[in-house]
Amino acid sequence: MEDFGLYIIITNPQSSYRSIAESCVERGVKMLQLREKSLSDKELIRLGKEIRDITRGSETSFVMNDRADIAAICEADFLHLGQDDMSMEEARKIVGDMKIGLSTHSIQQVKEALVQKPDYIGFGPVYPTNAKARPDQPVGIEQLKQVLNMATIPVVAIGGIFPENIQTILSAGAKNIAMVRHFMQTDQFDERVLEFTNLINKK
Ligand SMILES: Cc1ncc(COP(=O)(O)OP(=O)(O)O)c(N)n1
Ligand SMILES: Cc1nc(C(=O)O)sc1CCOP(=O)(O)O
Ligand SMILES: [Mg+2]
């Protein structure tokens, strides 16, 4: 799998799910994840299908977080699994050959994840974040550089990333950047995507 750049994660958005998905398609955002923790299954499936319909056939891949069953129902492109979620092996029984991304939070976890041959790994939190329940200790830039050197699949830097610190992340060699709050805590979603893509493409 090739590097994909900006990876937007939807959690409690201020803009509508529809407008976010439409903007991602329009602006060519390659990865869009639905990560909602407190919705009913019915609502999660409704949103997953809505995002699927909008992104189908576009450059924007639709990623479902945590839920292999709902990823399969919504025909997602990817399932994303963390250290406390079901294993990749278990997920395979539900999603078949769907692409899978794995979260990692230490060098040891990266080594263990790479053996499982996911399509990409998330590595973080790079900086402190409160957008996740019980976040791991921040890994920092030096460990991020180490992981970028180790991995032969895309590494997604995540956690506490904002325009203010993006140059440090890019200078470390990161090619894939996932963000929640910068894109969720605004009603100017489309403008932020445009601004941010200009910022990362400048380098
Ligand atoms: C791209 C990406 N990286 C990491 C995560 C975090 O997954 P996880 O550790 O399972 O935590 P939750 O997101 O489920 O709270 C992610 N979702 N996406
Ligand atoms: C969802 C998530 N996973 C993380 C990890 O370390 O795996 S950090 C995180 C939250 C990222 O949100 P923000 O960009 O607002 O800091
Ligand atoms: Mg998870």
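The chain as shown is numbered from 1 upward.
Every residue, even glycine, has its Cβ placed from backbone N, Cα and C.
Here is what TrEMBL records for this protein:
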type	residues	note
BINDING	Q33, L34, R35, E36, K37, N65, S103, K132	4-amino-2-methyl-5-(diphosphooxymethyl)pyrimidine binding site
BINDING	D66, D85	Mg(2+) binding site
DOMAIN	9-182	domain 'Thiamine phosphate synthase/TenI'
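Checking the binding-site residues Q33, N65, D66, S103, K132 against ligand 2 with a 6 Å cutoff on the Cβ atom leaves S103, K132, in sequence order. Looking at the residues that bind 4-amino-2-methyl-5-(diphosphooxymethyl)pyrimidine per the record, Q33, L34, R35, E36, K37, N65, S103, K132, the two CA atoms farthest apart are separated by 16 Å. As a whole-number mean, the pLDDT of the domain 'Thiamine phosphate synthase/TenI' (9-182) in this prediction is 98. Least crowded of the binding-site residues (R35, K37, K132), judged by neighbouring Cβ atoms within 10 Å of its own Cβ: K37. Under 6 Å, Cβ to nearest atom of ligand 3: this is the test, and of the binding-site residues R35, E36, D66, D85 it is passed by D66, D85.
Only R35, D66, S103 of the binding-site residues listed as L34, R35, K37, D66, S103 bring a Cβ under 6 Å of any atom of ligand 1; the order follows the sequence.
Each residue contributes its Cα atom, and for N65 (4-amino-2-methyl-5-(diphosphooxymethyl)pyrimidine binding site) and D85 (Mg(2+) binding site) these two points are 10 Å apart.
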